[in-house]
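Per TrEMBL, region 'Disordered' is recorded for 1-57. Per TrEMBL, compositional bias 'Polar residues' is recorded for 1-29. Among the features that TrEMBL reports, domain 'Major facilitator superfamily (MFS) profile' is placed at 82-496. The transmembrane segment annotation in TrEMBL covers 83-101, 121-140, 147-168, 174-196, 208-229, 295-318, 338-357, 377-396, 402-423, 470-490.
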């Protein structure tokens, strides 16, 4: 057996992300002869069926579970480098989703419209793009690898933001906001897959907390920056400023190994152990349909996705109304973007809590035995209770114009609750459906984004009818009802996942 190159090296701080794929991949991988019964070895999972060719004597596979080329066996510095870089990409697209919100009055005035519903739609249409993007981007990452989707998505994201900045009408702005959201869904869709590629089950809690933080912190910081930019430079600069990783998908890495060996040995028959004879069109169709089937046929996926959809919709409803609330009730207009930082601080506090206790809770619950996915969910009880508490504090103190810091504290509890719900749910879906983690995550992202896009449209009318106090009390009541999904998943999640009635043919 030929030796492997060391994988301990890491990138230098000055390297660009485009240089990363060439590092740490052995140029002399083992050429193994394996029977088909062994083709399901851990680390070679693929969502397509294996080849049925008779000749399986020239297959490339991982050199056991300790193969240093397998991402879960990389040096910790290399794994965290990938997570941090993907988290940075993940931060930008949610940041862009809400950065535009404080400028909506300025945009409406310039575009010659006074319809508040159109203004809210221009903000929330971005999230409809989030809903459709995963259905395309998820399959692409499984066929071509994660890195090319990150790179291509980043380039198209820049181009669509240029188009937004140059918009001359509301329809043009809305169309390109939708396309920006659709393309910007790339890191949200495949980011959890990168975490799952690099970390074993008992290590994922902290890594998922780091990845999830930008998903929720981005929308909180976006308005703070956007308000300042709009006031100082004009609303179009919210888009101009957005202009100014290494592959981790195991099946893709095996394909690259096989390709290098075919070239170096001159043997055209060498193929990866996860080679499939299914056509790409069939794979794409299956990958698009699978998240939809999981969403509506798996009670666990549907219930937790409904929970996150309501939470995400509530978050964006606040983002589209906070500016008007603090401007009209407290006379804060110049620095209103800073109000959003209350929610961001709550999320940061939640990140610290999850980073300290998430993996520890799982290990303690397992007591040296099997680590069940349901062990990820206890923190969601705390998070689910913080959201209605925060809504009640925010709503009633804003209704009676209590000192502005008190409603901001309400948004702190909302942010704290959001991240301590989203992160455990995301990690649970990865652990519960390891073979179909990308599809389960896509199903959750689609439903969550639809909630984030549609619920804010009801905000202006709801608050004008009920006021801040009763309007947010209604949202708090709905949030309390959604906690039922947490308790159902804790009590019956394992039974529902394993019951033959709910074994979906994927």
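Glycine is treated like the rest: Cβ placed from N, Cα and C.
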* Asked: Does the transmembrane segment (402-423) make contact with the transmembrane segment (147-168) through 3 or more Cβ pairs under 8 Å, each pair 6 or more apart in sequence?
  -> no
* **Selection from 83-101, 121-140, 174-196, 338-357, 377-396, the stretch that has most Cβ pairs under 8 A to the transmembrane segment (470-490)** => 377-396
* Counting Cβ pairs under 8 Å that are 6 or more apart in sequence, does the total for the transmembrane segment (83-101) and the transmembrane segment (377-396) reach three or more? -> no
* **Cβ-Cβ under 8 Å with the transmembrane segment (174-196): same-chain residues at least 6 beyond its ends** => 82-83, 86-87, 89-90, 92-94, 96-97, 100, 121-122, 125-130, 132-134, 136-138, 141, 146, 149-150, 153-154, 156-157, 160-161, 163-164, 167, 204, 207-208, 211, 215, 245, 248-249, 426, 429-430, 434, 437-438, 441-442, 445, 449
* **Mean of the pLDDT scores, which run from 0 to 100, over the domain 'Major facilitator superfamily (MFS) profile' (82-496)** => 81
